[in-house]
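In TrEMBL this protein carries:
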REGION    1-34  region 'Disordered'
COMPBIAS  9-26  compositional bias 'Low complexity'
TRANSMEM  48-67  transmembrane segment
TRANSMEM  79-105  transmembrane segment
TRANSMEM  117-139  transmembrane segment
TRANSMEM  151-171  transmembrane segment
TRANSMEM  183-202  transmembrane segment
TRANSMEM  222-244  transmembrane segment
Amino acid sequence: MHRRAPESATPARGQQTPAAPQAASAGQGGALERGAARPRPLRVGLGVYRLALAGLELLALFGNFNYVLGFSSFATNNFFSYFTIQSAMLAVVMLIAGGIAALLRERDPHWLSIMRTVVMCYLLVSGIVFAVIVAQASTRAYRVDVPWSDTLLHFVVPALALVGWFFDAVISPRSDPMPWSTLGWVLPFPVAWLIFTLIRGADVGWYPYFFLDPAQVGGALGIAFYCLLVLGIFLGVAAMLVAVSRRITARATKLRERLLREQTGQVPPAPAR
């Protein structure tokens, strides 16, 4: 009678333990997930794009300042009182910060994504309001010129910034969706700007936009109507951006989960179309 040799606890060379396939699959899945979230060449390109757009915005700001210098009624304080100018300066800061982040990081910090969305909202609303002002100029007692710098500030840069915002959302989708609480960050600055502008306008007798001038909109009720309308536009544009971001995040999450399941053999690959 032969005694059975005890089974070795250590597998033979080349033999894989039961946990190894899972570890290997997990490693493949982790690499796949990192690859899906970190397209480095695209991120570098996005960083260069953001920095170039910041330069274009600065060019538009300097060009617009130089343009209004030619008017005898020009006042530096009035120039920096326009919401467009202030939001453009915020955009320069966010574009530079976003450009550096894209060059150095796999994904933007969560706070930066929220702030970029907020400033993106400001740029879009500035363009919308300016377009309405230009359209209404013929029915009001004032003249609106549109030099090349205003075209850049109100239309070209916002459009290019929106392209960059979408591109970032697609190539660097977040694992956590942008919260709806982002809407709460949109209104504080416009509300503070409105209050300051109305107080300053009553003191100096000058308003940057016709809908803030009580003499042109029928008094306080007219101002209140336009202010509520503009704030509603801010919320509407911000809600659209957040909804689009959340939709892209949800689709990207489903895609990553499916790719991971295919790598681990949990589901058969989708048939080629």
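Using N, Cα and C of the backbone, Cβ positions are placed for all residues, glycine too.
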Based on Cβ pairs under 8 Å, which of the stretches 79-105, 117-139, 183-202, 222-244 lies most in contact with the transmembrane segment (48-67)?
79-105
Which stretch, 79-105, 117-139, 183-202, 222-244, tops the Cβ pairs under 8 Å count with the transmembrane segment (151-171)?
117-139
